[in-house]
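> Let me give you the structure first, and then I'll get to my questions.
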Amino acid sequence: MGLVVQKYGGSSVADAEGIKRVAKRIVEAKKNGNDVVVVVSAMGDTTDELIDLAEQVSPIPAGRELDMLLTAGERISMALLAMAIKNLGHKAQSFTGSQAGVITDSVHNKARIIDVTPGRIRTALDEGNIAIVAGFQGVSQDKKDITTLGRGGSDTTAVALAAALDAEVCEIYTDVDGVFTADPRVVKKARKIDWISFEDMLELAASGSKVLLHRCVEYARRYNIPIHVRSSFSGLQGTWVSSEPIQQGDKKVEQAIISGVAHDTSEAKITVVGVPDKPGEAASIFRAIADAEINIDMVVQNVSAAATGLTDISFTLPKTEGRKGIDALNKAKTAIGFDSLRYDDQIGKISLVGAGMKTNPGVTAAFFEALSDAGVNIELISTSEIRISVVTRADDVPEAVRAVHTAFGLDSASDEAVVYGGTGR
Ligand code: ADP
Ligand code: ASP
Ligand code: MG
């Protein structure tokens, strides 16, 4: 008898019908002889609605209280799901993150899991239950406060539990049939990927493919937990994310040269204007940002104007951290000695990802040609060994993604990619 962890995203449990449909699927897995642990997200867009509500009472809600509020979303779905399963004649018990032993650090709104002690889940399974765990939440080790793991964090809960319980597989059920070569909401001709390595998936996730959260893939790679991403609305095989290629018939699936195109419109750009061009300036700027616990993405320093000895430094960060970033820099303005700050939240990022880039010359050239043919202007560029990213105007993103997808021969000839649910919010 195996142990499987299944995670159902918000769009899969958007309403009572969805919860009943998912309950049937879970019971099937149990009937097939597995021990089943289910991680569930908040229903539909509940988390967004709760954030909107919080912002109506306070423009910058206190982190601790926001976590307390947001974790209510997953509590609702876990309890309803346990009820629906019992209604089908099976034993089920729901658990909050804290009850399930998800221990985190104390950084509110984006806590990191530092330990998982799933004693109660084990006992529930041993007693014949299906265990339902609220995703996206934990309890801080030092203060014993309720924390959340950052948006999309239920994916991480699922993989962390799968690792702690030594599960055979972590199944991530969502509203599309797997990981595609681009977001099916943007590229109708996106193709489903049968297998993708942890490395390529990490880059896609880090570049904005929200079908899997970056931290969840990091965790899965560290503990070597295979992930199967699939739809809760169809019975199709999805995408396997694992260290070794899967077998199809008597052949191994080949590693693609290019895995896909990702896009992200959740970032903003801060430009620090008029920075003295001398050692230590970049250090003080990014120290101020780091001390505010903000993660940055791309950095560009312009050539200094010889006449003035001043330069501009631009960097990107999550829009949700924009105000905090500006405040942190303004506080350090005298110490750093810059002229002014510019804030731009109308940017988008497009990334091309694939391990084959390392050994195939011309990928970068073809990427820039595709953008140029689509008339897209590039503002920032960054690369890794297996990724090229550019920042453009946010409005240009859909067109740019489609152009790059076509240029690299990723368009499928036949089926349009299906999106079964969700609002894409
Ligand atoms: P869930 O609520 O199940 O966690 P998410 O909305 O977080 O679902 O993630 C699924 C969505 O991710 C899809 O509906 C799709 O729009 C988006 N997405 C972005 N990039 C990709 C990709 N490369 N492949 C599949 N889906 C993607
Ligand atoms: N409900 C949370 C969110 O919307 C966590 C998740 O769905 O994974 O971000
Ligand atoms: Mg998600």
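Keep in mind that glycine also has a Cβ here, set from the backbone N, Cα and C atoms.
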> Write down the one residue from R185, R221 that TrEMBL lists together with K7, Y8, G9, G10, T174, D175, K210, V211 as binding ATP.
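Record check against TrEMBL: ATP site with K7, Y8, G9, G10, T174, D175, K210, V211, extra candidate from R185, R221 is R185.
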> Just to be sure I understand the contacts, which binding-site residues have a Cβ under 6 angstroms from any atom of ligand 3? Candidates are K7, T47, E74, V211.
none
> Which ones in the same chain are close to T174 (ATP binding site), with CB under 8 Å and 6+ residues apart in sequence?
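Non-local contacts for T174 (ATP binding site): G9, S11, S12, V211, V229, R230, S231, S232, G422.
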> Which secondary structure state does DSSP assign to T174 (ATP binding site), in the simple three-class scheme?
strand
> Just to be sure I understand, if DSSP states are collapsed into helix, strand and coil, how many residues of the domain 'ACT' (270-355) fall in each?
29 helix, 32 strand, 25 coil
